[in-house]
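One structure below.
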Amino acid sequence: MAGWIQAQQLQGDALRQMQVLYGQHFPIEVRHYLAQWIESQPWDAIDLDNPQDRAQATQLLEGLVQELQKKAEHQVGEDGFLLKIKLGHYATQLQNTYDRCPMELVRCIRHILYNEQRLVREANNGSSSAGILVDAMSQKHLQINQTFEELRLVTQDTENELKKLQQTQEYFIIQYQESLRIQAQFAQLAQLNPQERLSRETALQQKQVSLEAWLQREAQTLQQYRVELAEKHQKTLQLLRKQQTIILDDELIQWKRRQQLAGNGGPPEGSLDVLQSWCEKLAEIIWQNRQQIRRAEHLCQQLPIPGPVEEMLAEVNATITDIISALVTSTFIIEKQPPQVLKTQTKFAATVRLLVGGKLNVHMNPPQVKATIISEQQAKSLLKNENTRNECSGEILNNCCVMEYHQATGTLSAHFRNMSLKRIKRADRRGAESVTEEKFTVLFESQFSVGSNELVFQVKTLSLPVVVIVHGSQDHNATATVLWDNAFAEPGRVPFAVPDKVLWPQLCEALNMKFKAEVQSNRGLTKENLVFLAQKLFNSSSSHLEDYNGMSVSWSQFNRENLPGWNYTFWQWFDGVMEVLKKHHKPHWNDGAILGFVNKQQAHDLLINKPDGTFLLRFSDSEIGGITIAWKFDSPDRNLWNLKPFTTRDFSIRSLADRLGDLNYLIYVFPDRPKDEVFSKYYTPVLAKAVDGYVKPQIKQVVPEFVSASADSAGSNATYMDQAPSPAVCPQPHYNMYPQNPDPVLDQDGEFDLDETMDVARHVEELLRRPMDSLEPSLPPPTGLFTPGRGSLS
């Protein structure tokens, strides 16, 4: 019930958005009186696409109806009488609505609960700046709702005026028929005698003159009514067009932009419910006005009166048709975009939705939607209305889907769940452009009939640009193309034009957004991190971020040309950082344990005055996705050391925390945090007992130059091998199998190569699994392989 309590505290626009969620499909009173029961049911456990879950959905429907009936029976007193009737009515209504489609009830309640939670979360997480933004947004939404109220009133006014015009015209026609009857009576006067004819003729003439004068005046009045009504419709359509522009060209375009940025890791684009409610109100008012205009045209045809009205009505009729055409074609949107990096022969999904499908009764004749993949050039031709019918650049399997109307949520949508790109036809590439820079788009098209087939619309919508790959190795460069396009695409562009150069601060914003999303962290890129990246990209030594604000970055600098002195591009290096953090080091990054964006010289400057054993973790310059340890330790040869970088492959063998735990001479995480305080919760527990007489070997990180230091600092800490009570463990002299490896594992810069020690480790593991009797006791043990410390080398 806590969710409903929080939802009731929503204010302003958030409260209005919550109210939109409810209606006849699920009354808000049911949510209120059954809040605790509703929130305790397993709505999310039901798979809406699995027919076998229908029985569970039916049980939930029956439970809901029973709870409502019980709640109704418990109502007593004068105030409870009306509530008892109302709750009983709701129980019957829900039973009748969902009896044949219980899955729709589940879909409806899940939709409501999800959006309630989202609104509460957004309200709770809003900062002061976000509050200002929400206030501005609420003000804008308030203005939209006020305009709808104004449109409702003027539409009601023209409806009243139309009825008055119709009544006036009907009375005019009656009087006109009376005039014709008088004229017929004049023809009959010839049959009367002269005296009687003269008497009757005088009376008829007076009546005719009076009636003709009235008809003339009334015809002018009718014409005036018609002109005034047409003018009112013109003003209504001006207001309608203005409101539609705000909703379609501002609000809907902003939603699409948020959807595009969400592809780069930006905040979710948000629900379409408010937009749909606005579009449905537009559709309703537009249709009411269209019907009024058609009735006015019928009245004019019924009683033609020369004047400007026919031309005015033709104009407003054409205008209202344009407005409704724009509404229908613009509200056919892609709710769930296909993946923007699209691999051939791989299943993918997408969802399209018509925001006005319910109000315009499009669902009465469910339309079919077809998806095809087209090239950038074909997309340009399509928007120019050039003849590109049936042209495509590949073959998509399962590319047709019928739109379904979900009564509970009022949505008309088509869910493509099992599409697959079978093949792709590429265009001739330009200059240095690679296949991962070539953009395609998925075209969704359909045909909608509106108003009993009065109007038929051919609708099309294009997905965000997609890059097609055939191998996973192309994914990183394809992602760079998508990132650049999503970040820097301008509204209303020609497909898929994007600036070749952007300012460094613009790129910083895009990189930070992507970084936080990929690493799934609120700890984004700091000012110091961005300075480091700028130095790397521009090959500069300036340490002031402001010095880079006016500098431009080209696409070639970003991911076509290698960085000076290296065999990789800027994006490839940055993407490698995100990859290793995402796969192995999210908690360490969030803990602030990884400094990361510092070079070797900066690490030297940071550590030089620190106590021995102080270390930091930084991203390697020489190895994409590599992390190296730099530490302070005075020796006759040097006082700063750098371990050869670890990569994703290394961390899949032994975690970073365990490797650091093995190196006992690493004591403080820069600047002065005890290592175990930071990393001990991530150490792999050491098992003390053998299983079935066998002990499980472990790999241990060892740096030969520091074996003595490690042993001294480890003191008397027992290893797993020492602690194991298994009888299979023989005295240490029995492990004299290999002489010490004479090759150093620290390079001339003090970097340790893990690969050169891993072969030894694997060989030892193999020997540990052999029977003890087969071991040769004559060989001396390799120095440092079985030193006391955390874990054992296997």
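Using N, Cα and C of the backbone, Cβ positions are placed for all residues, glycine too.
TYR90 (phosphotyrosine) carries a helical DSSP state (H, G or I). Taken from Swiss-Prot, the feature phosphotyrosine covers TYR90 (among others).
If you look up Swiss-Prot, you'll see SER128 marked as phosphoserine, on the strength of similarity to another entry.
Note on the domain 'SH2' (589-686): mean pLDDT across this stretch is 90. Residues or ranges marked as domain 'SH2' by Swiss-Prot: 589-686.
Residues annotated as phosphotyrosine in Swiss-Prot: TYR682 (among others). Summarising the environment of TYR682 (phosphotyrosine), the number of other Cβ atoms within 10 Å of its Cβ, over all protein chains shown, is 17.
Its Cβ taken as reference, TYR694 (phosphotyrosine) is surrounded by 13 other Cβ atoms within 10 Å in the chains shown. In the three-state DSSP assignment, the secondary structure recorded for TYR694 (phosphotyrosine) is strand. As annotated by Swiss-Prot, phosphotyrosine applies to TYR694 (among others), with the evidence given as similarity to another entry.
Under the heading region 'Disordered', Swiss-Prot lists 771-794.
All chains included, 23 other C-beta atoms sit within 10 angstroms of the C-beta of TYR90 (phosphotyrosine). Comparing TYR682 (phosphotyrosine) with TYR90 (phosphotyrosine), their Cα atoms are 54 Å apart once rounded. Broken down with DSSP, the domain 'SH2' (589-686) shows 31 helix, 21 strand, 46 coil. Taking the C-alpha positions, the distance from TYR694 (phosphotyrosine) to TYR90 (phosphotyrosine) comes to 67 Å.
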